[in-house]
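Asker: Before anything else, here's the structure in question.
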Amino acid sequence: NQVLEMFDHAYSNYMEHAYPADELMPLTCRGRVRGQEPSRGDVDDALGKLVYTGTEHLLTVVFQVLNKTKEFEEAVKKVIKDVNLDNDIVVSVFETNIRVLGGLLGGHSVAIMLKEKGEYMQWYNGELLHMAKELGYKLLPAFNTTSGLPYPRVNLKFGVRHPEARTGTETDTCTACAGTLILEFAALSRFTGTSIFEEYARKALDFIWEKRQRSSNLVGVTINIHTGDWVRKDSGVGAGIDSYYEYLLKAYVLLGDDSFLERFNTHYDAIMRYISQPPLLLDVHIHKPMLNARTWMDSLLAFFPGLQVLKGDIRPAIETHEMLYQVIKKHNFLPEAFTTDFRVHWAQHPLRPEFAESTYFLYKATGDPYYLEVGKTLIENLNKYARVPCGFAAMKDVRTGSHEDRMDSFFLAEMFKYLYLLFADKEDMIFDIEDYIFTTEAHLLPLWLSTTNQTISRKNTSTEYTELDDSNFDWTCPNTQILFPNDPMFAQSIREPLKNVVDKSCPRGISRAEESLGSGPKPPLRARDFMASNPEHLEILKKMGVSLIHLKDGRVQLVQHAVQAASSLDAEDGLRFMQEMIELSSQQQKEQQLPPRAVQIVSHPFFGRVVLTAGPAQFGMDLSKHKAGTRGFVATIKPYNGCSEITNPEAVKEKIALMQRGQCMFAEKARNIQKAGAIGGIVIDDNEGSSSDTAPLFQMAGDGKNTDDITIPMLFLFNKEGNIILDAIREYEAVEVLLSDKAKDRATIFKGKMIPNYIIDSNLEMENMDQKSSENDSHKPNSEEAPSESQDAGAVSEELEGGGESSAADDPDPLSPASAASASAPMADQDPQEASAPEPACTAGDSQPQEQNTQTEASSKAHWDSKVQPMESILADWNEDIEAFEMMEKDEL
């Protein structure tokens with residue numbers, strides 16, 4: 001029921017604010033139409049100008065899976081009426097295939113099924129299939145290459161080679177881009193009887209197979225579409241390759257062609273031999289597969305445990321899934337990329353569904369209720385951290401909780417579908433899900449296509465398969481009933497050694513107190529004592545499941561595989577050793593970089609659901625050391641640049657001052673607003689249209705003088721984020737924000753205040769939220785909060801030369817290249833302190849709530865329970881609550 005409500009919230013907001021635009025922008029409550037918004041580079045290849053999201057949102061089989069048959073019928077009519085496939089627009093062949101063609105075919109599959117049942121869709125006459133065929137022909141010009149590999153992009157109106165096509169000059173494509181076509185193209189051929197589509201998709205797969213590295217049987221990430229040379233020669237199961245492997249196995253399931261199964265098993269054997277280092281999956285070089293190509297993993301590999309379930313290889317699926325779940329529990333979401341010691345490498349999370357997909361498949365295979373708890377965690381995190389009034393917003397930074405103004409179509413098409421199926425019983429479904437196979441975008445294709453319009457030989461006898469091990473075929477179609485009933489603890493026994501791998505809590509284990517007295521076993525190896533040249537130390541590492549990886553630059557990396565430890569106690573010793581080593585490393589690096597901060601709008605009607613990424617300052621209050629942050633109403637200062645004495649101090653006193661960047665140093669602005677009585681400051685970029693979506697994060701530098709006199713917090717917002725606050729002021733007048741090191745749980749923000757229950761997430765105890773401010777003073781609200789994790793945000797450049805008169809003098813310092821793209825893609829690794837959990841994780845500090853809109857920083861140290869709230873304030877709170885209740889129906893929470 002909760003999944004249904006979440007889907008309704010996301011879908012209805014798309015229809016209200018965005019349809020028929022490509023995407024919903026949930027923070028600004030409007031649609032994203034390609035060409036009308038600032039370009040985001042390759043990301044916009046997934047937008048087709050009234051094609052992609054409009055089609056996929058409407059035809060998502062979530063409607064059928066969620067028993068919304070009437071809504072599906074209306075959606076089909078909208079697609080037939082509104083979607084235009086004849087646009088002069090360059091689109092990604094890969095994205096158009098999996099999203100639009102897959103959506104049309106999946107919609108057609110369900111439409112004919114409903115029509116056969118006799119109640120719905122009686123008017124339907126194959127209109128979606130006709131649109132799919134039209135789109136298929138528009139994609140065919142991309143295959144006009146000597147190799148048969150398609151160009152990565154095609155113009156829907158002019159094809160590839162036409163003078164007006166604006167494409168056709170590309171030479172490279174990713175392996176997944178060329179190898180993820182067979183399901184949709186073959187289904188289109190089987191539905192229509194036109195074999196050309198399946199033939200083209202098969203030719204592309206054949207070419208990739210022939211170009212595999214013969215000694216390792218691996219494929220690279222990027223290939224030249226004309227010569228077949230590998231451009232990027234690293235190989236893994238994540239971005240760039242992922243769905244190629246998926247479609248080989250699923251093509252066998254859907255089409256019954258043994259050659260696809262043989263190819264998959266050959267690749268799978270290589271993956272498990274070289275890439276799999278349980279529970280990790282690390283990229284290697286295709287020519288030197290024993291050499292790791294990188295020491296971090298991307299989030300797209302989260303689909304792989306689900307594929308392993310389909311293959312029947314349950315144990316490594318459980319191991320990798322559990323590792324990923326531990327990362328999610330640490331960061332609330334799966335970062336776009338994370339290191340082998342589980343720190344953030346790229347901090348974004350665009351609400352990807354791959355982990356939910358694998359969770360569903362593992363539950364189907366094992367029946368273990370543990371995976372229902374995993375699904376519950378995903379639902380709670382989405383509602384708590386990603387839900388906004390106009391939908392669900394992607395996470396710009398999982399460490400701060402800041403949002404990005406996007407909600408991709410795959411979120412609706414896949415996430416809710418897999419979560420609903422995870423919790424649904426068989427009687428909740430109006431059709432048998434086992435009669436269909438999921439495409440990579442979770443569209444459903446019927447298995448009866450395997451016997452329909454077979455115009456192509458099922459066996460490719462021209463291709464030789466070498467070194468095939470018959471054991472690869474043993475568990476292709478496993479019967480899980482014989483795997484688990486004899487040992488119901490099977491899955492748990494595999495997960496157990498991994499549950500503390502990335503957990504912030506202290507590792508479980510026997511006390512070492514008696515060991516120090518000489519009564520216990522020999523103490524484990526300590527990180528400070530370790531010597532790589534000591535054979536005894538290396539033997540101890542091996543026993544603890546810790547292995548050494550020699551990097552190309554001469555460094556040595558330590559990686560723990562808990563399942564390879566001699567015992568569970570040795571595994572815990574290995575984890576403790578790794579944590580000590582990370583902490584030791586962080587102390588040695590002495591990094592001076594500051595992480596991004598968060599500005600959270602907490603007043604009506606936002607209630608903490610809108611979080612903006614903010615740049616930190618090198619001076620003023622360190623928000624990482626003040627867990628409660630600084631909370632107060634915002635006020636615009638005069639003069640707006642803040643470069644001289646503030647002329648409206650009565651409006652600024654005990655509030656957070658808003659000012660414009662420019663004309664003087666940041667520190668000078670801070671001193672002026674502090675003198676006027678402000679409790680904090682937000683500097684808004686004066687560069688029109690600037691956004692943290694497209695620009696690197698900044699740090700505000702000092703003025704070259706001693707800045708110890710500045711005690712208030714200062715944060716920097718780009719123009720787009722700053723305008724969100726300014727727009728809120730124009731609409732609601734009184735706007736309250738929280739300045740903090742990371743976004744706070746709304747329960748923490750409103751602890752001790754009466755607030756409508758519908759705002760608080762379902763996993764919280766309602767009775768704690770319903771406290772009135774006038775309750776007995778002796779009752780202290782528990783606001784204990786685990787210490788936030790610090791992380792790298794990039795190095796600060798040198799101080800600006802010259803005086804404070806220069807108009808550029810207050811420019812924020814750009815972060816180092818390693819992390820400069822944190823606003824749009826990669827994010828620097830978190831400070832190693834984050835992963836070195838032992839001490840801080842066991843001694844979480846308390847942070848008392850503050851009423852910073854009525855108190856200065858000095859007075860805010862008083863305990864919450866010692867304050868007496870005036871009657872006027874209580875009445876104001878009640879009025880605010882009444883307004884919030886009135887919004888319940890509109891907000892649909």
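Placed from the backbone N, Cα and C atoms, the Cβ positions cover glycine too.
Annotated active site, proton donor per TrEMBL: Glu95, Glu336, in sequence order. Look at TrEMBL and you will find Asp242, Glu354 tagged as active site. The annotation Ca(2+) binding site is assigned in TrEMBL to Thr440. TrEMBL lists 769-783 with the feature compositional bias 'Basic and acidic residues'. Sequence annotations record features per position, and here TrEMBL assigns compositional bias 'Acidic residues' to 798-813. According to TrEMBL, the compositional bias 'Low complexity' annotation covers 816-830. The compositional bias 'Polar residues' annotation in TrEMBL covers 845-859. Feature annotation from TrEMBL assigns domain 'PA' to 637-724. Sequence annotations record features per position, and here TrEMBL assigns region 'Disordered' to 769-868.
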Asker: CB neighbours of Glu336 (active site, proton donor) within 10 A?
Answerer: 22
Asker: Compute the average pLDDT of the predicted model within the domain 'PA' (637-724).
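Answerer: When the pLDDT values over the domain 'PA' (637-724) are averaged, the result is 90.
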Asker: From the DSSP assignment alone, can you count helix, strand and coil residues within the domain 'PA' (637-724)?
Answerer: 20 helix, 17 strand, 51 coil
Asker: Take the C-alpha atoms of Glu95 (active site, proton donor) and Glu354 (active site) and report the distance between them in angstrom, rounded.
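Answerer: So the alpha carbons of Glu95 (active site, proton donor) and Glu354 (active site) sit roughly 16 Å from each other.
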Asker: Please give me the CB contact count at 10 A for Thr440 (Ca(2+) binding site), counting all chains in the structure.
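Answerer: Counting Cβ neighbours of Thr440 (Ca(2+) binding site) within 10 Å gives 25.
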Asker: I'd like the number of other C-beta atoms within 10 A of the C-beta of Glu354 (active site), please.
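Answerer: Total other Cβ atoms inside 10 Å, all chains included: 24.
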Asker: Can you grab the distance from Asp242 (active site) over to Glu336 (active site, proton donor)? Cα atoms, rounded to a whole Å.
Answerer: 14
Asker: Using a 10 Å cut-off on Cβ-Cβ distances across all protein chains shown, tell me which of the active-site residues (Glu95, Asp242) has the largest neighbour count.
Answerer: Asp242
